[in-house]
Amino acid sequence: MLPAKFKTPSQKSLNRRMASIPDGLVRRCPVCHTTFLTDHWEPTRLCPACGYGFRLTAMQRIKLTMDTFQETNAQLTVPDRYTDAAYQAKVARGRQLTGLNESVLTGFGTIDHQSTAIGVMDAFFVMGSLGTATGEKITRLFDEATAKRLPVILFTASGGARMQEGIHSLMQMAKVSAAVARHSQAGLLYIVVLCDPTTGGVTASFAMQGDLILAEPHALVGFAGRRVIEQTIHQTPPADFQRAETVLQHGFIDAIVARPQLKQRLADLLRLHKGES
């Protein structure tokens with residue numbers, strides 16, 4: 001019998017090796033299913049094969065987009081009347097992950113010397129859901145932008161209305177829509193950027209009310225979830241169902257812009273609206 005050249009490692013040795021591998025070193029794209037190393041993917045966090053943009057926190061998005069930024073209404077958070085322990089745990093987890101008090105970051109700043117109001121919904125905070133304070137922050141953003149005669153850019157990323165807050169959450173759809181209307185009646189520009197995912201009550205209201213509606217490549221955009229639709233119509237939708245490319249083909253959005261080009265495209269659109277070349 002030949003002597004063994006290789007020795008089977010012990011479980012203890014394997015555990016030590018696993019512990020030395022950093023978290024997030026390898027990712028798998030949910031769109032094209034490519035597996036890749038993440039050593040060079042910051043700050044844009046794109047799939048190298050298909051260009052799908054992995055989810056960003058609101059602050060990461062601000063750093064990619066804005067040259068200057070001043071946050072507003074940072075203190076607004078979930079009202080005290082919602083005392084459910086499981087819900088409070090989700091909110092606490094969202095605060096830990098994002099550093100925010102709610103699922104949207106709002107403020108004012110500049111993009112390539114163009115002044116604008118900006119809001120960024122954060123999918124890492126209770127799935128970017130539309131809660132009472134979320135709606136209040138976005139409403140204040142639009143009203144403050146109207147008073148200052150500034151455009152609004154809103155990045156949407158949301159699972160929809162926050163069911164834990166019931167009718168108060170649903171009311172935010174109408175409340176924000178009214179603020180959008182006041183801003184529009186003042187002749188001001190509203191640009192929406194649909195990020196992955198934009199669904200539910202957010203899609204059914206202010207996400208589709210922009211003067212210009214952009215989307216990131218392969219972003220999930222829809223109202224009801226795929227599983228709910230399959231159970232309702234008893235059919236299997238196509239693989240690209242509710243992806244930004246399909247939504248563009250059906251005329252619901254104006255353009256798909258890759259993440260590396262998005263900042264310059266927004267700056268160009270702001271200039272065009274001001275009548276600058």
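Just so you know, glycine gets a Cβ as well, placed from its N, Cα and C.
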What range among 29-50, 73-94, 183-204, 249-270 does Swiss-Prot describe as zinc finger?
29-50
Run through the zinc finger (29-50) and tell me, per DSSP, how many residues are helix, strand and coil.
0 helix, 4 strand, 18 coil
Rank the binding-site residues Cys29, Cys32 by the number of other Cβ atoms within 10 Å of each Cβ, and give the residue at the low end.
Cys32
Using the recorded Zn(2+) site (Cys29, Cys32, Cys47, Cys50) as reference, state which further residues of the same chain have their Cβ within 8 Å of the centre of those residues' Cβ atoms, listed in sequence order.
Pro30, Val31, His33, Thr34, Pro48, Ala49, Gly51, Tyr52, His218
When you tally the Cβ atoms that lie within 10 Å of each candidate's Cβ, which of the binding-site residues (Cys47, Cys50) has the highest tally?
Cys47
